[in-house]
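A.B. asks: Here it is, the structure, as structure tokens.
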Amino acid sequence: MIEEEILKIIKPTEEDKKGIEKVLEIIRERLNKLDFEVEGSFRKGTWLRQDTDIDVFVFYPKDVGKEYLERNALNDIINRIKDLDYTLAYAEHPYVIVNINNVEVDIVPALRVESGDKAITAVDRTPFHTKYVTSHLDERGKDEVRLLKRFMKGIGVYGAELKVQGFSGYATELLIIYYGNFRKVLEEASKWKHPIKIELTKPMKIFSEPLIIPDPVDPKRNVTAAVSLKNIATFSIAAKYYLKNPSIEFFFPSKKVEEKVKGDVLILRLNLDEKSSEDIVWGQIKRSVNKIERALKQYGFRVIDVQAWGDTNNITIAVQLESKNIGQYYLNIGPQYYSETIEDFIQKNDNIWVGEDGRLYSIKERKEYDAETIAKKNIVLKVKYNIESYWLQNKEDQQIMKFLRKTPTWLK
């Protein structure tokens with residue numbers, strides 16, 4: 001079966017594990033005498049080959065509070081690894097990313113709590129997630145998780161961060177625990193119709209999201225709260241098509257080089273001057289995308305699509321229009337002659353006439369009819385940035401080709 005072939009590609013070898021252990025030895029030496037644990041997919045045995053981020057959590061008594069993590073704990077960790085290649089990253093609170101032998105190690109300060117439902121910060125639940133998963137998955141189950149993760153990565157729905165709004169690693173593990181194996185997850189997902197409820201434990205509150213998986217270690221939390229309806233739909237359709245015609249294309253989509261430019265495509269390249277939390281930046285980018293689309297439609301442009309991609313510092317926004325050319329003037333349709341609002345319409349407009357249908361009309365001048373200017377004005381980033389903008393002429397990179405193509409390679 002194709003899944004066995006995929007596993008040969010994505011399952012780590014003993015050599016891979018030894019390499020990770022060497023990196024962990026360096027980290028263990030630096031964090032000596034601290035209360036720390038290795039967490040995440042490496043600890044759970046569900047990690048993918050050549051996709052290794054190690055999570056190391058340093059625990060502090062819950063009584064010290066969140067502010068202690070952000071200052072004292074963070075400084076303590078930095079002092080221990082400052083001679084290594086490291087950067088600061090930001091989520092609910094700051095943490096450290098160390099790069100050793102091309103392996104990224106996230107060192108995250110957290111509070112030691114009694115149970116997952118007593119979590120003070122989001123990361124405090126992590127040890128309980130690890131314990132739950134390792135106690136419910138055997139070796140075959142871990143491979144089934146690997147298949148599901150790679151499938152979701154291939155179709156673009158993996159990652160709970162705001163930029164993606166997809167499935168977290170923990171969500172994939174719970175899906176395998178609930179349904180049993182990769183194929184069974186796809187069989188059920190192919191029949192999904194939201195709202196979808198998957199209950200490994202009874203929920204402790206009412207959830208409103210389209211996909212609901214109450215967290216077994218904290219039933220007040222929906223594990224899949226971040227998953228967008230678009231990604232749920234994409235996963236369901238991909239599952240249906242894979243079951244009909246299994247292909248490596250779902251796991252490792254091919255790169256399409258040529259794609260015709262349809263309509264007019266505006267490219268906005270943003271370079272951010274400051275480092276910030278990825279979720280904060282992408283929250284602002286998503287608002288910008290929505291605002292650009294609304295503004296262009298309000299000014300009379302026919303918008304085909306607006307998308308954004310990139311990382312925390314370099315972001316591309318692509319705006320596809322039926323045409324970038326729009327008239328300086330437009331037909332303004334007014335009320336019927338018998339309407340009580342005709343006097344107001346006449347007062348506010350010039351060049352007014354009565355049409356054959358008994359309705360009043362006027363000619364109005366657009367306040368703005370340059371799409372590039374409108375798009376730039378509606379970027380709502382709160383950090384300083386440089387911008388380069390141009391209308392697409394040539395086929396450029398894979399992301400732009402993907403934007404132009406629209407249809408996933410696994411679908412056609």
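One-based numbering along the chain as shown.
Cβ from N, Cα, C; glycine included.
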A.B. asks: Return the residue out of ASP16, ASP106, ASP117 that Swiss-Prot annotates for the same Mg(2+) site as ASP53, ASP55.
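C.D. replies: Answer, per Swiss-Prot (Mg(2+) site with ASP53, ASP55), from ASP16, ASP106, ASP117: ASP106.
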A.B. asks: Going by Cα-Cα distance, pick out whichever of the binding-site residues SER41, LYS44, HIS129 is nearest to ASP53 (Mg(2+) binding site).
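C.D. replies: Spatially nearest to ASP53 (Mg(2+) binding site) by Cα position is SER41.
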A.B. asks: Hey, how far is LYS44 (CTP binding site) from ASP55 (Mg(2+) binding site), Cα to Cα, in Å?
C.D. replies: 11
A.B. asks: Based on the record's binding annotation for CTP (SER41, LYS44, HIS129, LYS149, TYR158), what whole-number value in Å is the widest Cα to Cα distance?
C.D. replies: 18
A.B. asks: What three-state secondary structure does DSSP assign to SER41 (CTP binding site)?
C.D. replies: helix
A.B. asks: Pick out which of the binding-site residues ASP53, ASP55, ASP106 has the most other Cβ atoms within 10 Å of its own Cβ.
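C.D. replies: Within the set of binding-site residues, the most crowded position is ASP55.
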A.B. asks: Cβ within 8 Å of the Mg(2+) site's Cβ centroid: which residues qualify beyond ASP53, ASP55, ASP106?
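C.D. replies: For the Mg(2+) site the neighbour list reads GLU39, GLY40, ILE54, VAL56, ILE97, GLU104, VAL105, VAL108.
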A.B. asks: Tally every other Cβ atom lying within 10 Å of the Cβ atom of LYS44 (CTP binding site).
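C.D. replies: Summing over all protein chains shown, LYS44 (CTP binding site) has 21 other Cβ atoms within 10 Å.
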